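Worksheet: one structure, shown below.
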C-alpha cells in the first residue's frame, strides 16, 4: 500500500477493480481516491480498525468487506454516495458510517458484532436488504430508519437481539422475513403499507424465541403473499395489525404458546386464492381463547380456500365454535348484520341496495351490494355515486369514526339515507350501474389566427363524453375556440363521475399567416431562358403556393408561355387563401447589335479576343454557349470556328455569329491510324488562303489551296520524319509563317 502511495501520489480515480488482501493493516494510502470504476474488495486482511477517513464517493461496482477475521470497527465510508451492492461480514465490534449513501442495489450483512449504527440516511433499496446469521451479540441497532422502500426482500434472521424501527419504510416489494431471532420487541414498521406488491412475496415472523412485545406494523394494509406467524413461544399479542385488510394467499398462525387473542385482525376482510391449498390455518396455539377478531372474516365467507382451525383451546378450537360465539358484523360498527339496516355504512339502506332482490350482487363478485362498498366495481365508492359525502374517502358515509344508532345507521352526517342518484333516469341507481368514463383522446391542431371558430370537442374523438369542463376556460364558456381572442396552448378537457376523473388534452398551435408576396410588373424578351416566376414577386413570398394560370413547377418560359397577369396563391391549415400577381410584358428581339471584334495571336498558337459594342448599354457575352461574361474579353482561346452571342441585358437587342481563329497544327503523323494522318490549317471559315510547304533546305514540296491538306508525301513517296516550314497567304494580304513536325 505504501508503494501505491509513492507511485501514484496524485491518483484520485481507479479505472477498474481494486482488491486489498493479505498482510494489509491500514488503508491510509488510499485517502486521495475519490472514485473506483469497478469493485472494491477488502478481504482476508489483518486490518483491525477500518476507520481511516476515505474520500471515496463513488464505486461503480460492488463494495465487499469480507472474511477479515481481526476486524473490530468499520467507519471509513462517510463520503460514499454511489455503489452497486454492499456485502459485509465478520465485524466483531462496531459497524458505523455510510452517512451520505441514499440509494443502493443490495445490502447483505452477516456475522456482525455488538452494534449496527450505519446507513442513517439510506432511503432506497432497489433490490434486497439481507441481514443473515447476524449473531447473538448484536443488540444496538440504529440503522435503516430513513429507508422508504425496498423493492426486493427484507430478511432479518439467525439470532440478532436488536431490530431497527424502519420508521419510514412504506413498502417491501417481495418477502419480509423475521426468522430465528432473539428480538424482544417489534415496535417499528409503522408506515409500512404493503408487503409483496412486486412479486407476491410472503410475510413471516417465525421462531423468535424471546419476542414478547408486538405493537408494530400499525399501517400495514395488504400482504400479497402468505402471512405466517409461527413458533414464537413468548408472543402474547398481534395487536399491531389493526389496519390489515387483505392477505392474497394464506394466513397461518401456529405454535405461538402465549398468544391469547387474535386482536388486531378485526379489519381483515379477505384472505384470497391460495390455489386450492388451505387459506387459513389457526392451530396449536396453547393459550388462544379469543378468536372474535376473525368472526366477520369467517361469517362473511371472505376466506376463499379451505380453513383449518384445530388444537387450540375451547372457544377457538373449530370454525364452528368461533362462528357460534359471534354474529356477523360486516362494517364492525357493533350492530350485527341481521339487525343492521346499513350493513356497510355507506349511507344507502340495505333494502335499497337489495332493490327487490335479496342479497343482490350487481357485479357478481360474491359480495352482496349491501356488503360491498363498490357494488358495480367501477372504481367509485357507492356512497359517492349515490350523491353523498365521503370526507375521508374510505367508502363509508361522512368521516371516521362511524357513529351509528341502534339500527346501524350513521348519525351526525348531513347527507345519506335519501334516494340515491340515477342521472340517466333509466331506473337503475348509479351505484349499481358501471359507468365507463372517457374524456376522449389527446389531439393537436394547427389554426390560423385570423381563421374562424373551431369546436375543440370535435377533435377529442367519438368516445369523448359530454358534460366536462375545459381548463383554461375558453372565452365562449364552452368548447368553442375563437382564434382572434383565445390563446394558443394546451387545453385540458375533464370529465368525472363523482370520484374518478379522466382528462384529454387538445394542443392548439397558431400557424403563421400565409405570405404571397407583393404585386409586380416585369418586361421580358421573348427569347430569354425560362425562369422561376416567384423570384420576380416583391416581398418574401412563401414557396408553397401555386400559380393561375398554371405554370409547371412555377417556371415561366418566355418562348412558350403567354404575356399577361399571373396570380400566385398561398394558404396554410385553416387559413384563408391570400394572393399576389405579376403582370408580364413580352418583347421580340428585333434590334441588331453592332460590335467590333479584335484578336491577338499568342506564341502558343492561342488567341486573346475582344468584343466591343458601339452602343453604351449592359451586355452579356456568351462564347460557344458556355463561357459567359460582361466584358467581352476572352484569353487563351484555341484556333477554330467559334460562336459568339451578345445579349442586351436591359433590352431586347441580340446577335449571334461565328468567328474564325486561324491556326496551324504543330505536327501530324501520316501512319494511316485515322488520327492526325494529314496536315491542314483550322478555323479558315470564309477566308481565302494559299499555303506553301518547304523542307528544311528551302525546297518547295507542295502548295495547298483552301480546304486542301498534305499527306506527307512528295510525288507519291512518303517523306521522312523531320521539321517542315510553311508560308500562308490569307485573303491575298496577310502573311503568316511557321513550321511543324512530321512524325511517323
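Keep in mind that glycine also has a Cβ here, set from the backbone N, Cα and C atoms.
For the compositional bias 'Acidic residues' (330-353), the number of residues in each DSSP class (helix H, G, I; strand E, B; coil) is 4 helix, 0 strand, 20 coil. Among the features that TrEMBL reports, compositional bias 'Acidic residues' is placed at 330-353.
The compositional bias 'Basic and acidic residues' feature in TrEMBL is assigned to 357-374. Cβ atoms under 8 Å from those of the compositional bias 'Basic and acidic residues' (357-374) belong to residues 300-301, 330, 337, 342-344, 346, 350, 380-383, 395-396, 432-434 of the same chain, restricted to positions at least 6 beyond its ends.
The domain 'Receptor L-domain' annotation in TrEMBL covers 221-324.
Annotated region 'Disordered' per TrEMBL: 327-407, in sequence order.
Applying DSSP to the region 'Disordered' (327-407) sorts its residues as follows: 12 helix, 1 strand, 68 coil. Residues in the domain 'Receptor L-domain' (221-324) partition by DSSP class (helix H, G, I; strand E, B; coil) as 17 helix, 25 strand, 62 coil.
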